Structures are given as structure tokens and as C-alpha cells.
């Protein structure tokens with residue numbers, strides 16, 4: 001005999017008059033007019049069960065029920081009395097008259113109420129098993145599953161096959177810090193957990209698998225920020241024989257399908273495409289949030305000879321920038337609001353935040369209110385007004401510093417203002433899904449500390465065909481066949497066409513100051529593989545945790561992961577990590593360092 | 001412009017006359033009558049490309065081709081001349097007349113021929129990227145993908161949802177040895193890689209997710225045998241509210257679907273079900289290969305008082321057993337064959353291998369040829385002949401020892417003979433798929449070394465309802481709600497109904513001599529979870545590597561894993577594990593032990 005004939009999601013009018021058996025948890029018990037009402041809950045829904053006192057044995061059992069008891073009931077589906085229907089529930093037109101009731105497992109009193117919205121993260125993660133019973137968490141993980149299945153369905157139809165790559169792999173100490181796994185059999189040696197399957201997927205292309213994907217765990221031992229976890233999940237894809245312009249549509253279609261299938265949201269078709277340089281110029285960010293209707297105005301060229309030293313100095317720097325952010329209607333902002341934003345941009349390294357209120361643009365200089373106007377010459381003021389298109393009542397914020405600082409500070413300010421109630425009230429924020437491809441990334445950026453060029457994406461990214469010559473002569477000018485998918489200010493995917501010829505790979509290693517010996521030691525297997533007719537190939541990796549976080553509107557990726565770690569990289573549920581036996585360490589040929597090592 | 005209009009699997013008569021573009025690898029180049037023929041290969045197939053000398057530029061390029069060059073061609077599909085069709089190929093009726101040819105990437109001479117069947121494993125794993133180009137490896141990994149997709153499709157339709165459980169988890173030093181991961185943030189502490197998601201999936205049931213699955217990596221740091229890898233892949237499933245008799249059909253249907261969909265093989269419906277005790281009695285194994293038509297004959301009871309001390313002594317042991325294995329037609333075996341089997345059973349601890357040839361059963365004792373008959377009394381001989389049903393020309397092998405040894409030795413002998421040419425020639429081996437459920441496993445077995453009861457399955461397995469009383473009084477009699485799925489002598493899946501009540505879990509821990517403090521330290525989170533209305537639940541885990549190995553007929557699970565480790569747990573392709581920087585160790589608060597530690 002089955003305990004259950006239907007899940008609770010299936011209990012609707014279609015079952016009227018039928019005798020059914022149900023299993024679930026007591027969400028709530030109400031005693032009303034001598035009758036006991038039970039809200040029974042399972043993964044699929046909520047059903048009202050009615051216990052009449054005529055069935056004494058059953059009623060006695062019902063009287064003993066407490067919240068979160070796990071029960072099985074048998075009963076008959078009947079219509080709810082007129083006026084007591086609940087339109088919120090799939091089962092809201094019916095109830096089940098209980099004939100028999102069995103407690104499958106009682107429950108101790110919960111340490112918190114499941115509907116408490118103010119639980120601390122510590123409480124939630126310590127009692128994760130109960131926290132996961134909350135409807136929002138059930139929703140999040142079910143949605144996560146639907147996303148990954150929609151991805152699989154799409155990729156399968158496109159000829160991608162899921163191939164598992166190793167979890168115990170080789171440590172290559174660049175990029176992020178590796179998680180290491182000591183080897184017992186090979187004393188003194190270590191595996192590393194993969195930061196991504198990048199090289200394995202490239203090798204699968206060389207092996208001729210043509211199209212690969214994997215939804216797989218990746219690991220980075222970094223200090224954790226709000227949206228980072230030691231282990232995270234990547235939708236990792238690679239294809240052969242396609243160029244950049246073919247790879248992008250293939251994967252934006254995937255994301256469009258996922259949003260349509262899971263959220264019934266129609267994303268733009270096609271996604272807009274924007275060069276990196278344009279994104280930085282207009283938004284100061286390579287992942288601009290296009291919901292925010294605010295843009296930068298470029299002013300570097302007209303500020304070189306103004307009296308205002310902050311602007312002139314920045315404009316004169318080789319890597320300097322002066323830009324304005326126009327805030328329509330911002331003239332209404334109070335001095336204290338402006339002061340708060342001034343404090344805010346300091347987080348990003350800005351030394352101050354110059355501003356101009358446009359009271360009457362037709363009057364030029366005289367229509368402006370600002371501490372800095374007196375030190376700007378007429379041409380500069382004219383350019384500010386003309387280029388920004390400022391209207392009466394607008395506010396202009398200025399950034400002047402090294403371009404990196406201006407972009408970071410003014411870019412963050414743009415998002416900060418753009419998400420504020422002020423912007424929402426004035427239509428400067430569009431509550432929508434705004435996808436975007438950012439393309440034409442630089443190959444390299446100069447690492448000031450190391451005084452050398454480092455790869456912006458990774459060292460296996462192909463340069464633009466027409467920029468190959470710059471590899472040796474002017475690496476900073478060399479653009480890459482790299483692309484990021486951006487959604488509402490989050491990078492949700494990133495990829496590139498890869499280098500498929502050994503000689504090109506060597507050139508890029510040279511540009512990165514990785515000599516032949518070092519290249520061979522670290523990436524010999526890749527260089528070898530490229531020797532044997534490696535096909536043109538490229539791919540992309542999406543952050544599943546992040547995509548699902550956005551789709552569910554969760555506050556943190558921890559809310560879309562069943563058993564996440566805290567920001568101290570601990571699992572509060574199982575108490576991992578933990579100390580281990582000395583015997584285990586001995587077998588692994590390691591010992592603990594003393595907090596105070598002997599001299 | 002796309003490099004490719006069709007994959008090679010799509011090039012058939014349906015494209016006759018069309019101009020197409022193809023990409024792939026040069027499998028072979030033949031020059032014949034002034035024309036160059038290229039066998040072009042990709043993941044999907046092989047196509048014959050014909051290069052005529054009239055197109056001089058293209059022809060010159062074709063002349064430069066060597067094996068494994070990666071090329072793109074454009075050409076027109078035409079029928080092959082009559083008599084030159086190749087029925088082996090999907091494209092065998094057509095060829096492509098080449099108009100343009102582009103070398104996408106040349107190839108150095110391969111270190112071996114792709115069709116070389118005699119490559120050493122070292123060569124294959126060192127050059128894994130090329131080894132994976134071989135058709136058999138392409139087939140194996142594609143089939144593996146089809147199996148996992150068929151599994152996902154089935155489980156999805158049954159309401160199972162894929163929920164990811166952590167890879168960085170807590171070390172519980174029992175069962176197999178853990179792979180450990182030192183924590184940087186929490187000095188002196190370690191994560192363990194999961195041996196299975198067992199406790200997490202149980203907790204997901206307590207959370208109310210109802211049906212869970214995951215195709216996930218598991219890790220065991222054990223010395224490797226032929227069919228083991230440090231990391232292996234499990235199809236891990238758990239469901240709530242179902243009993244043993246409902247769980248088994250659910251998952252045998254899954255396996256039946258997979259075999260039908262992927263191999264077009266119809267497995268038995270339903271699978272036969274056999275108690276553990278019967279499997280041991282008849283086959284000496286809890287994973288009997290039912291293709292082998294040989295069975296044990298139980299003789300312990302009649303051997304207690306025979307003169308043959310080996311038999312009598314074993315029959316008198318509390319845990320002794322005397323059994324025969326009847327080999328129909330085995331009378332033809334030579335003395336040297338019998339001697340070889342005698343050596344064979346020693347591997348399994350048997351001290352010898354008694355035998356009887358049945359020359360004329362009707363004559364009783366006088367019709368038997370054997371060194372031991374003279375020491376057996378008439379009743380014993382009559383029982384041997386009657387119970388085994390031995391016919392003239394048969395051979396009987398005997399095992400007499402502790403039951404464990406008899407089962408291991410005679411069970412292995414059964415399989416050894418059953419797979420031999422001898423057995424195949426005599427119809428004692430049925431070349432078929434023979435699935436089986438083995439059920440009613442014991443809860444516990446006695447560990448002679450530790451002098452205590454240990455769990456046969458794992459300590460979360462529920463006892464049979466009617467055996468709960470034995471937990472305290474006679475653990476050895478207590479059977480479990482555990483089941484293994486066996487196919488052709490391999491355990492491909494195993495599972496159980498789990499304990500869902502805290503008090504039952506405590507009783508089982510007691511039987512295992514795990515005190516309350518130890519239980520809380522190791523499994524506190526499970527005991528806590530069971531307090532809060534945990535539902536009845538159970539599940540199963542399948543070994544994906546093993547299933548695919550069987551389905552492909554591969555020699556080793558290494559042939560169904562893209563990048564496997566050697567038996568020394570090394571990746572020969574990437575040279576993992578490897579030494580790491582001292583800085584990395586310092587960050588992880590560990591140091592290497594010296595080979596010869598100072599006193």
C-alpha cells in the first residue's frame with residue numbers, strides 16, 4: 001500500500017469526491033467550532049484538511065498534532081463551503097475531509113518560525129535543514145533546477161555533450177588561489193581542485209568532441225565577498241569551428257530560452273553589443289547596468305588648460321580622465337545628499353566629487369551653481385553643457401583622476417544614484433531585464449605592482465586577427481576575441497575564442513613574459529595538444545549561482561545554494577572544516593605548522 | 001561566413017548536388033590515378049573528399065595534407081561511382097568533390113597510429129588528447145553522455161530534482177579514507193571531499209524536497225584496483241514516502257529505460273529479486289553473475305561426521321560451510337586444468353580444492369573418481385549426488401572452510417569456469433543481460449579485527465520492522481531494508497530505506513557501539529534533523545562509470561572517463577599531483593613531513 005496517492009499540488013477540483021491519501025507537514029493547525037483544520041504542506045503545495053470529531057480515533061490523533069509533524073492522511077476531496085475558498089492556492093476551492101490520520105514522525109518545537117523573515121544568517125545556516133523548508137528556499141532551489149534543465153535541453157539540442165573533467169587536477173599558481181589536496185600515494189605532492197575546466201575543455205576540442213558542456217563545481221580559495229563562495233557552479237561550454245560572431249548568438253539564445261521557459265520573460269533579441277571601450281567611456285564599467293538611464297560625458301580634452309588644478313592635472317595625465325555624470329532633475333538634491341555621495345565615491349579612490357547645478361542653461365556660466373565654475377574657462381563650460389545636454393534643473397557630478405579611478409568612482413556613483421528612490425521616481429531607472437554583450441576587450445592590462453602585462457581574460461584568449469602585430473610591439477593596443485554577457489550590471493557569462501595554434505600561443509606567452517621553459521612546465525600538455533591539428537575553438541562559462549540569484553531576486557547567492565559556506569568559509573550545519581586525526585595527516589605526509597614555529 | 005554548413009554525419013544522398021562546407025581531420029589521404037582522396041573525420045562521421053588536379057591551388061593544398069591536419073573544405077556532393085559505395089558509412093553512397101581547401105591547423109606526426117590497438121596504457125594516458133580521438137573513445141564518451149541524459153530525462157519526469165551538495169565537506173574517518181583539503185581561513189582545520197552525498201541527501205528529504213537526484217563526483221582515497229578511480233561518478237537518488245517495494249520498481253524502470261534508449265536492449269521486466277541469503281547459498285556471492293549456469297550444492301549438514309577431516313572440521317565450525325559446485329560435462333577436464341583451478345582458489349583463501357568426477361552415477365561410490373571419496377560415508381555420497389543432481393560426465397568441486405572463505409573461493413571459481421571457453425561451448429554461459437535485485441541484507445557483520453559489529457551498508461540504513469527487537473539482543477539476525485542492483489555479476493547500484501526517527505537511529509548507533517557523545521560529534525546534524533518531522537525516505541546510488549563500462553564493453557572504467565588517473569593515482573597528461581610552492585603550504589598552515597624526520 002502506498003502512503004500517498006497524490007502530491008499536494010495535484011489536489012484540485014478534478015479530484016472532487018475521490019478518496020485520496022496525502023503526506024506532508026503540518027504547516028498550521030486551527031481548532032474552530034469543534035473542528036480541527038490542518039494546513040498540510042509538501043514541496044508542491046498546501047491543502048486544507050478537515051478533521052471532524054465524529055471519527056474519534058482520528059480526531060484524537062489530530063488533537064496531538066503540532067507544527068512540522070510529518071503526517072499521512074486519508075480522506076475524501078470535497079468543495080469548500082461557499083465563501084471560504086482561497087484563490088491564492090491551487091487547492092483553494094477544495095478541502096479534504098479526513099478519515100484516517102497517521103503521524104509518520106513527530107517534530108520537536110522548531111528553533112524559529114518558518115515564516116520569520118528576520119532570521120540571522122547564522123541561525124539560518126546552522127539550522128539549514130529547517131531553513132530549506134521555507135517556501136522561498138524551496139522556490140529558489142526548484143527554480144535553480146529548472147534553469148539547469150533548460151540549459152541542458154538547449155545545449156543537447158545544439159549537439160553539445162556533457163563530458164566530466166577531473167576534480168583532482170594540477171595546481172597552477174596564477175589567477176586565484178588553489179584549494180590543494182595532499183596526495184597519499186605520491187608523497188609531498190598535491191592535487192588542486194579546478195578553478196575552471198578551461199584547459200580540459202580546450203583539450204576536448206583538440207580531441208574532436210566538437211561541442212562540450214558541463215555544469216560543474218569550480219573552486220577558488222579567495223577571501224569571500226557577498227557574492228562569492230569557495231565552491232561555485234559554472235555552466236561551462238566550448239565549441240569548435242565557430243567564430244566570435246557565431247558563438248555569441250548561440251549562447252544568447254540559450255539565456256533567452258532559459259528566461260522564457262523559467263520566468264516567461266522575453267529578453268531582447270538580439271542582445272545589444274557594445275565594445276569595451278564604449279562601455280568604459282559611457283558608463284565607466286565593463287558590466288554596465290543598462291537599467292540606469294545615466295551616462296558619462298567625456299571632458300578630458302577640454303580640461304587640460306583650465307585653472308581648476310584637479311581637472312587640469314587629471315586631464316594632463318597619460319592615463320587621466322575628466323568626465324561628468326549628468327543627473328536629470330538632480331538640481332533638487334540637497335547639499336547633504338551631495339555630501340553623502342562625496343563620501344561614497346571615496347570608497348572607490350576618488351579624492352572628491354565636484355558638481356554643478358544647472359539653474360538656467362541659457363545663461364551659461366551665470367546660470368550655474370557650483371564651487372568650481374569660477375575656475376573653468378568659457379570653452380570648458382560650453383563643452384560641459386553642450387556635450388552633456390544638461391537641462392535646467394539638472395545636476396552634473398565630475399570625476400577627475402587616473403581613468404581607472406574616475407571609471408570606478410563615477411561608475412559606482414552612476415549605479416548608486418540609478419538605484420535610488422530619486423532615480424526611480426524620475427524614470428531614470430527602468431525596472432526591466434537589460435542584457436548586453438560587451439566585446440573587444442583588451443588582451444592585456446599593465447600590472448603596476450608586477451611591472452608587466454597580464455592577461456585580462458586568460459592567456460589562452462585569441463587576439464583579434466588585425467591586432468596580432470601589436471603582441472610584440474604594443475600589447476596595450478591589442479584587442480581580444482573576448483566577450484562578456486552582462487545582465488543588469490552583473491557579468492553572468494564570459495568567454496573568448498581561444499588560441500588554436502601553438503606559435504600564436506607562444507607569442508602570447510612572450511607578451512606575458514612567460515618564457516618557453518615556464519610555459520612548458522605549466523602548460524606543456526596544452527602546447528603539445530595544439531601541435532596536432534587543434535581546431536579553431538572558443539567558448540563561454542556562465543555563473544549559475546549568479547544567474548539564479550538574479551532570477552529569484554535573492555539577496556545573496558547563499559540563498560540559491562542548498563548548503564553554502566559562510567563568509568569565513570565554514571559550513572555551520574556540519575561544522576566543516578574541522579580538525580582531523582594525526583593519523584590522517586601522517587598518511588598524507590604533512591604536519592600542521594605551529595602557530596609559533598620554533599626557530 | 002560559417003566555416004561549416006554540415007557535420008560529417010549529415011552528408012548523405014539527401015545533399016546530392018549541393019555545395020557544402022565541411023570541417024574535420026584528415027583520417028587518411030590516398031593518391032590514386034592522379035586524384036587525391038581524403039577521408040575526412042569529425043565526431044559524427046567520415047566523408048570521402050575528392051580532389052581533382054584541375055583546381056590547381058586546391059590540389060596543391062591537398063598534396064600538402066598529412067594525417068590529422070585539421071581542414072575546412074568546400075565542395076559539391078555527388079554520388080560515388082557505381083561499385084565504390086561503402087555500406088559501412090552513413091555517407092557511403094556519396095563523396096564530395098572539393099572546390100576549395102583550407103588548412104585550419106597542420107599536425108605534427110602523431111606519436112602513434114590512432115588505429116593501433118596495442119598501445120600501452122601509459123602511452124594512451126600520456127597522450128590522452130590524441131587517444132580520445134580514437135573512434136572507440138569517442139563512442140564511449142558519447143554513450144556515457146546519452147546514459148546520463150536518459151537518466152536525467154527519466155528522473156525529471158518522475159519529479160526528481162537535481163540539487164547540488166557540497167564538495168568541501170566534513171571529514172568522518174570511517175569507511176574509506178577521505179581526501180582532505182586544508183583550510184586557509186581556519187588554520188589547522190580540513191575539509192574532506194565527499195565519499196558520497198549520503199547525509200546531505202537525507203537532509204534534503206527532511207527539508208521536504210521529496211525527490212532528489214544528482215549525478216556527482218565522489219572521492220575515496222583507496223589503493224586502486226582495476227575498476228576504481230580516486231574520483232568516480234554516482235547517480236545519487238533519494239525519495240520520500242516510499243517503501244522498499246516502491247523504490248525498487250522506480251529505479252529498475254530507470255535502468256530499463258536507459259538500456260532501451262541507449263542500447264535498444266530490453267531488460268527483464270520485472271527484475272528478479274533474490275534474498276541475500278539465497279544468493280550466498282546458491283552462488284556464494286551477493287552479486288551473482290546469472291549468466292553463469294552453475295550453482296552451489298549445500299552439504300554442511302551431511303559432512304559433520306565424515307572421516308575426511310577437512311570437510312568434517314569445516315562442517316563443525318560455527319561459521320563453517322561445506323558446499324559443492326557442479327560443473328556439467330566437467331569430467332572432461334584434465335588434471336592440469338583442475339590443478340590450475342586449485343591454484344586459483346588459493347587467491348581467495350581456500351587451502352585446497354577437493355573434486356569428484358562422476359563417471360557413472362548409478363553405481364554410487366564405485367562410479368566416482370576422486371581422491372576423497374574413500375573418506376566419505378555412503379550417506380554423504382548419496383546426498384552429494386542427489387542434491388547436486390550430478391549426471392555422468394560431471395565434475396564436482398568442493399569448498400570446505402569458514403563460510404566466508406568457501407563463498408569467496410567457490411564463488412570466484414564459479415565465475416572463472418563460467419566465463420571460460422569450456423563453459424561457453426557447453427551452454428553454461430548465456431551471453432545476455434541478467435539484472436537482479438539482491439535484498440534482505442544483514443544489518444551488521446562482525447568485524448573480527450575490531451571485535452565489534454559494523455554496518456554492512458551504512459549506519460543510516462533502516463532495519464526490517466520485524467527485526468528491530470534484534471538490534472539489542474542479536475544484531476547478527478537483524479536484516480536491513482537494503483537492496484543492491486546487480487547486473488552480470490557487477491553491483492551497479494545499492495541503496496536502502498533510511499532510518500527516519502531519531503530514537504531508531506540511536507538504537508542502531510548503540511548496536512554499532514557508537515556512544516551518544518561520538519554520535520553527536522560525528523552526526524549531530526543528522527540527529528538534529530531527525531527531530532523535526534523527518535519523513536520516511538530511502539534511495540539508491542548507481543555507479544555511472546561502471547554502468548557505462550558494461551554498456552560499452554570497455555576493458556576498464558578508465559576507458560569511459562575522459563581524463564582518468566592511473567593506478568598510482570596520477571594524471572599522466574597534466575602531471576598531477578605535483579609539488580607546490582612553499583608559499584602555498586605556508587598559507588595552508590601545513591608543512592611537508594620529512595622522509596626521515598629528525599628525532
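Cβ coordinates are placed from backbone N, Cα and C, and glycine is handled just like the others.
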Quiz prompt | Recorded ATP site member, picked from A:229, A:555, that accompanies A:220, A:221, A:222, A:491, A:543, A:544, A:545, A:546 in TrEMBL | solution = A:229
Quiz item: With the ranges A:190-193, A:194-197, A:198-201, A:202-205 to choose from, which does TrEMBL describe as region 'Aspartate'?
Solution: A:198-201
Quiz prompt | Spatial neighbour of residue A:491 (ATP binding site) that is closest, considering only the recorded positions A:32, A:83, A:220, A:457 and their CA atoms | solution = A:457
Quiz item: When you scan the chain for residues with a C-beta under 8 Å from the region 'Aspartate' (A:198-201), skipping those not six or more beyond its ends, what do you find?
Solution: 165-166, 169, 212, 214, 236, 238, 458, 460, 523, 525-526, 539
Quiz item: Out of A:32, A:498, A:546, which of the recorded positions has the smallest number of neighbouring Cβ atoms within 10 Å?
Solution: A:32
Quiz item: About how far apart, in whole Å, are the alpha carbons (Cα) of residue A:220 (L-aspartate binding site) and residue A:544 (ATP binding site)?
Solution: 15
Quiz prompt | Chain-internal residues, separated by at least six, CB under 8 A from residue A:544 (ATP binding site) | solution = A:144, A:147, A:148, A:215, A:232, A:233, A:234, A:235
Self-check item: Site of maximum Cβ density within 10 Å, from binding-site residues A:222, A:491
Solution: A:491
Quiz prompt | From recorded positions A:83, A:457, A:498, the one whose Cα lies nearest residue A:546 (ATP binding site) | solution = A:457
Self-check item: For the region 'Aspartate' (A:198-201), mean pLDDT (0 to 100)
Solution: 96
Exercise. Looking only at C-alpha atoms, tell me how far residue A:457 (L-aspartate binding site) is from residue A:83 (site 'Important for tRNA non-discrimination'), rounded to the nearest Å.
Key: 62
Quiz prompt | Candidate nearest residue A:83 (site 'Important for tRNA non-discrimination') in space, where candidates are the recorded positions A:32, A:222, A:498 and distance is Cα-Cα | solution = A:32
